[in-house]
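Only one structure is covered here, and it is reproduced in the block below.
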Ligand code: GDP
Ligand code: MN
């Protein structure tokens, strides 16, 4: 789960992290309150969307102006103008894709006088199974590009969970960023605070780009991007409360209500499968025969008719889906339950694209009979290979 920059900063502030003061607003009429409260003399108006690259982004609407999604100004009336331009407009950045994202929230922040911009992120390193830091003097720019062109400018290290964050980690960061004296001390403190926040809140990633040194000699977090480990959300109701569903894929939200493991992909074959391994294999074989899956969907072992119906509805509602492949191995899950769910869903929402169903395992005959008796326009698949070929052929032929 992702949160907005202003939420991430508020959360980091709870751990003592030095972040600029700011006020989040949802409507243009609140801009004056925010500028008054912050007092100036410099304000930054920042688009709040779950995507990076806002500064260099472009709004689709000409009326929003061409100054990007992050704007610095010394005039409170210009703050007002920017707020009116940006709220409701659609921002396109390197990370949003061409469709862009509508800006529904703005963060107005006190401006910082930047001397240097650095990069710092914390993530879970799957190779070492440890929390790792990635640090670079090359902040404010695309870190992927730095990693590609000048990898020597990136310093990484992991933290042993048994000992936790220690003084030498802070010194490593200070050295990597060329900081000494009081700034090195600030770096040590910041590293400990960020690590503590990361672990306490079960974050998956915490990216600060840029981390800046101000002209007054302060180390400050100017941008913050945080994502959380979904599997740990149950123990963080305060984090769940920060969820902004307008930023998430509507189909994935619907699927999560039914506890379905569903991810939207960019192909054309909708897939309904039980078991993550079988779902992956099904996606692979669709690719092998020349098309691509529109989604990953594991309905799980204990799915009931309701769950199957919900899953089928989510798939059919996707306009990218040109054909559906249902591939079920009935172990704990029974084939007749799947069949009932499919029939109920088709009766409710109709079937406008080809559907291939492959059932195998527990109660397979009963399942096949339910589908046959329903008189639906369904193609029966004999095995995984045959089914994949059939759905690809049906879609390509259509
Ligand atoms: P991103 O483009 O989505 O990563 O958004 P950022 O929050 O990183 O802002 C983009 C850029 O705007 C930063 O890299 C800074 O160069 C600039 N910026 C952000 N806040 C301030 C500020 O307070 N003062 C100044 N001078 N520049 C800022
Ligand atoms: Mn940034």
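For all residues, glycine too, the Cβ spot is worked out from N, Cα and C.
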- Note on the structure: Given that TrEMBL records 53, 54, 55, 109, 112, 117 as binding ATP, the matching residue among 46, 101 is 46
- Task: Write down the one residue from 274, 377, 383 that TrEMBL lists together with 331, 332, 333 as binding substrate.
- Result: 274
- Query: Of all the binding-site residues given, 332, 333, which residue's CB has the most CB neighbours within 10 A?
  - Reply: 333
- Write out the long-range same-chain contacts of residue 46 (ATP binding site), meaning residues 6 or more apart in sequence whose Cβ is under 8 Å from its Cβ. 5, 6, 54, 69, 70, 71, 106, 107, 108, 109
- If we check Cα distances from residue 55 (ATP binding site), which of the binding-site residues 274, 332, 333 wins as closest? 274
- From 54, 55, 331, which binding-site residues have a C-beta atom under 6 Å away from some atom of ligand 1? 54, 55
- Query: Here the binding-site residues are 109, 117, 223; which one has the lowest number of other Cβ atoms no more than 10 Å from its Cβ?
  - Reply: 117
- List the binding-site residues 112, 117, 331, 332 whose Cβ sits under 6 Å from any atom of ligand 2, in sequence order. none
